[in-house]
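As written in TrEMBL, here are the features:
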| type | residues | note |
| --- | --- | --- |
| DOMAIN | 250-324 | domain 'U-box' |
| REPEAT | 389-431 | repeat 'ARM' |
| REPEAT | 430-472 | repeat 'ARM' |
| REPEAT | 471-513 | repeat 'ARM' |
| REPEAT | 512-549 | repeat 'ARM' |
């Protein structure tokens, strides 16, 4: 005997299926990197709707065989799971989904396979449906079957853009624009929602968020800076601006401490994964409590982990809403006497320093990485780490044979050098020769960060001499030629700063700086024209620099910049041209032959004050040259 269901049971299941399809079809359009995959899945599921509606509206007395019910039950389970996935994609962090694209794609593929398996269990030829509906469902089933064995192609442009923005300190605005559009993070409102989604992701993880979350916070900050630069008034109408003057913004619940209900200044995570204001939870623990105030779960330990991601999100929200950024309680400048860091911070830093000094290679690598991150986060950390004696230990690790340890050490020193008082400590620890060695022989990331460190240290004039004498300039020129866009900019900035010292100008010229600078100057799409002109302008004040530039056929490209460049670049090009023409009559004649007079006349009227002076001076030289040439012509008659 074949088991079956009554019409009522059948109708209930079909109604549930029809409702699920309706709910999935009514989900908001996906506005992130999963847009295509999300839309395709929703469209296919929507095409199943006529099947359930026709069956539901059919003969209520008909019996449905057990094989058919198995397929419908499987399909209901599959559609339930699909609805949850699609909702999580819509509501979740767009940056997380973009960075975890492989995992997200796998989830979509799983859903596709589950729906296809369920459809395979439904014998359409035995159902009381019209031929038109049967053909449509068989077509949809065929689409799911093909999709099961053919995953979506990866978005290579998105992958490339994410990699560039993650690595570079100052990414190309065009790349940020593409990312902003692709991820639909175009306004401050979009970015605020993404901030909350990121925070919820941290809370849901229930553990230390790790480097991936920190990467996302960094990406979010770069996108926010781009959006504010492109559209400072984003998301703020005139009416809203007036209202904002008379009301305070509502603080998101996730940014409030569950104990004090105030905006958190120094959020920390306890062992249950909940976040509290440090001072509030510390008072709770000091009172002898062993449980989490919010969940009442017993705490496995009483260590407090700084929630750096949430802190950066709170800072972003404060900046976006015109709220004064909370000041952390008990910073290094307001500690109790005799201590430059809180007991908790000092304990953590001392532990890391102990690992740097006496740990095995893995412990040293991990400790250097932690100090690198701590030094990056705020000014107080940079003071505390230096005062604790980290700098000499980090300098020793510059000679490590482990590339990652070396990268961490040089980057930690870079971050520490942001504090002016630390610059002297780093130099006094004998760091310059070792940093130069990393610049010559390290990994590309280490070389680029070594260049940035040398630039930071060279802000102090006496360091310019020491860095140049240590052989940094040839290595910086090599990085200028073969580094990433960010690395080239770091190398160029360091070379420029070092070349302010007269002795380093000669070193740079003798090391062959001029030919690569001319290549960068002629490559308008390379993004290094500004830097190349700035360095050439400073080298042109040195006799060896002028001679080397003059041999590189510079006049045509300099005149092109004077005609079409930015105000600053036109000024630098005019300065270089002036140096060449005032010291070499042949260069003046070449400039005349290439039509310099017209370009310089325009510059003398529309350029910066300095550019006008240089243009006027060269025009006078051209007039004198013309007079001499006329005199020579007359005398030959």
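Backbone N, Cα and C atoms are what each Cβ position is placed from, and that goes for glycine too.
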Reported mean pLDDT - the repeat 'ARM' (430-472): 92
The domain 'U-box' (250-324): DSSP-derived helix, strand, coil residue counts: 25 helix, 12 strand, 38 coil
Outside the repeat 'ARM' (389-431), six or more residues from its ends: residues with CB under 8 Å to it: 349, 352-353, 356-357, 361, 364-365, 368-369, 371-372, 375-376, 379, 382-383, 437-438, 442-443, 445-446, 449-450, 452-453, 456-457, 459-460, 463, 466
Same-chain residues at least 6 beyond the ends of the repeat 'ARM' (512-549) whose Cβ lies under 8 Å from its Cβ atoms: 172, 473-474, 477, 480-481, 485, 488-489, 492-493, 495-496, 499-500, 502, 505-506, 557, 561, 565-566, 568-569, 572-573, 575-576, 579-580, 583-584
